[in-house]
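Enquirer: Pasting a structure below so you can have a look.
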Amino acid sequence: MSWIEAIFAILVNPLFYKLTLLSATPLIFSALGGTYSEITGVTNIALEGIMLMGAFNSIVFTLITGNAWIGVLMAVIIGVGFTWFHAWASIRWSANQIVSATALVIVAQGTTSFLMIPIFGNEGQTDFIGRVPYIEIGWLKGVPFVGDIFGSMSPFTYLAIAAVIASWILMYRTPLGLRMRAVGENPEAADTLGINVFKTRYFGVLMSGALSSLGGAFLSVGELGRFVENMIHGRGFIALAAMILGNWNPAGAMWAALLFGAAEAMNLQLQSSSIVSVSANVKPLFNMLPFIVTLIVVGGFIGKTRSPAADGEPYEKES
Amino acid sequence: MDRSKIYALLVPIVSVIIALLIASIVIIIIGKNPLTAYRIMLEGAFGGAEQLANTIIKMTPLILTGLAVGFGFRAGVFNIGAEGQMTIGALMGAIVAMNIGGVPSVIAIPLSIIVGMLAGAFWASIAGFLKAFTGAHEVISTIMLNWIAANFASFMVTGPLAVGSGTPKSPEIAEAAKLPVVLKVQATELSIGIFIAVIVAVVMYVFIEKTTTGYELKGVGFNPYAAEYGGISIRKSIIMTMAISGALAGMAGIVDLLGVPPHRFVGELTGGRGFDGITIALIGRNNPIGIIFAALLIAALRTGSNAMQIRAQIPNDIVSIIQGIVIFLVAAERIVTTLIYLKGRKGVTTA
């Protein structure tokens, strides 16, 4: 049974775990972002578009400034500004949140493709612009297995895990976190208690913009060092699935993102496995794997998690 | 006309105008002249018989994807997966159309279209079924199905269906399955596809407004709890809505393939037309007749922007920006109604 043999060979190889962590990194950022937004009661299915903007802007500003970290910072700032439109429409104007977020996804696709020629002079993808180097831990490299995974790792991955821990503390151990959850569960009651529903919701939505931008920036300046049109490939929506599977909890979102990351890592490793030689035209079938896993998870587990009670409901002060 | 009806007409129009104004600022930023750009766009879309024929060819599948998304909206389902349903519809319909030589067109064409519709309906029903029975949000599941469809399509054209070398493509469909051409302008052939699309729009109008089933599905979209109280099964309605929506999207895919050269399945063929359906449904206010005009507008933007790209070196992606802004403004229509209201009040005070 060459298939079982191949999967076993992949599972005992540390490279699989390293790829799982790397594939999960953008999903962790965005699933965490989605959690921030929805926990305050605003759905944000625009993560895909915000990630695309993040990937694009970080490359643009790396090109301009020559420093990838400044690129990342600018991507976050612009991403927050871009996400503000969704927050404004949803909170101030009681917009249909699904539709307004879809608008952001389409504007992001249009804008990034539109600016390719004016900024980079070519379509499709940019040249290599620059990337954030991996963190090398020399002494760890000698350790078997663990060293192969963490000896050389993207700083974004550490940042993502730190963000998960910080967010968990913020949401469950601080007054702000309590306010956020109150606003997402019962805005009327929260309002009566003197919590500013609108401000809290703006905070939640804008945080989703900042985190998703980081997720997008990871894919360009964190990994490839270049921007490729539509490079997010549905990850923003997979992140939403991770948020749901994670039961709107930062730690849950991380575990779910790791599961989807593992599906992607398995896909990549199977395609390059020497035990089951995969011919080129069958590769698209393997590329379905992360999407099928997501579909099954969304279909199979969703009834077992619970969304914030006022998720997606506009709040209007009675006047 | 009462106030709400006037707003129903004004909001999409004002949204499109605002979007065109913002897009012209974008054009200025990249150092081009928006007036020239829009003039070339108009010429490219309507400037002659060939341009007009091209716009109508583009408009045909857009009416159908617009109907697909619009019908979903009416029944309370956001089908963002028209893209994937279109791909699967075109793929399955094309497989029939390739192998159907030797029968008359009156059989070959309807059979290919029906298979395409069924395939689209099946693909969308997966999401409908998941939503009805597990509560999986259709936005996530239809997007996943889009990616699965795209990968499957690219597998089919590079593997089992592949012919020739160069860009992946399937064999040409049988002569009998090609839609009759009504007008030939130089190299551009206009098929009867546009009539099919318009007839389907009228049928959908009658179905939604004049039949009991249409009324029930609309009722579920308007207020699911009241509908259920009234004895309508929500689960059944959701699956049926998705199936009808998917059938329309699948039809968009196969009608386009039967009607437009090269009459081959070429993989990820839809070029964003499934997403165009969202804009069209929103501009057309989910009304089948409104959708015909909205499809004309988006088709004109698409053909016109190609001319703009070639003649004025402005990337045609500007259309996506315009569409996104329109969708945003229609979603938050209170922004637009407030603007109209303020404008109206200002007019009164200055007069």
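The backbone N, Cα and C atoms fix where each Cβ goes, glycine too.
Reproduced below are the annotations present in TrEMBL:
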TRANSMEM  A:6-33  transmembrane segment
TRANSMEM  A:45-64  transmembrane segment
TRANSMEM  A:70-91  transmembrane segment
TRANSMEM  A:98-120  transmembrane segment
TRANSMEM  A:149-171  transmembrane segment
TRANSMEM  A:202-222  transmembrane segment
TRANSMEM  A:237-263  transmembrane segment
TRANSMEM  A:284-303  transmembrane segment
Enquirer: Which of A:70-91, A:149-171, A:202-222, A:237-263, A:284-303 has the most Cβ pairs closer than 8 Å to the transmembrane segment (A:6-33)?
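Expert: Comparing A:70-91, A:149-171, A:202-222, A:237-263, A:284-303 against the transmembrane segment (A:6-33), the winner is A:237-263.
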Enquirer: May I ask which of the stretches A:45-64, A:70-91, A:237-263 has the most CB pairs under 8 A with the transmembrane segment (A:149-171)?
Expert: A:237-263
Enquirer: Hey, which bits of the same chain come close to the transmembrane segment (A:45-64), Cβ under 8 Å, at least six residues off its ends?
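Expert: Long-range Cβ neighbours of the transmembrane segment (A:45-64): 26, 30, 33-34, 70-76, 78-79, 82-83, 86, 97-98, 100-102, 104-109, 111-112, 115, 119-120, 126, 129-130, 208-209, 212-217, 219-221, 226-227, 230-232, 234-237, 239-240.
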Enquirer: Taking the transmembrane segment (A:284-303) as reference, which of A:70-91, A:202-222, A:237-263 has the most Cβ pairs under 8 angstroms?
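Expert: Checked against A:70-91, A:202-222, A:237-263; highest Cβ contact count belongs to A:237-263.
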Enquirer: Please give the sequence-distant neighbours of the transmembrane segment (A:237-263): residues at least 6 beyond its ends with Cβ less than 8 Å from one of its Cβ atoms.
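Expert: Non-local partners: 16, 19-35, 38-39, 45, 47-48, 160-161, 164-165, 167-168, 171, 212, 215, 289-291, 293-294, 297-298, 301-302, 305-308.
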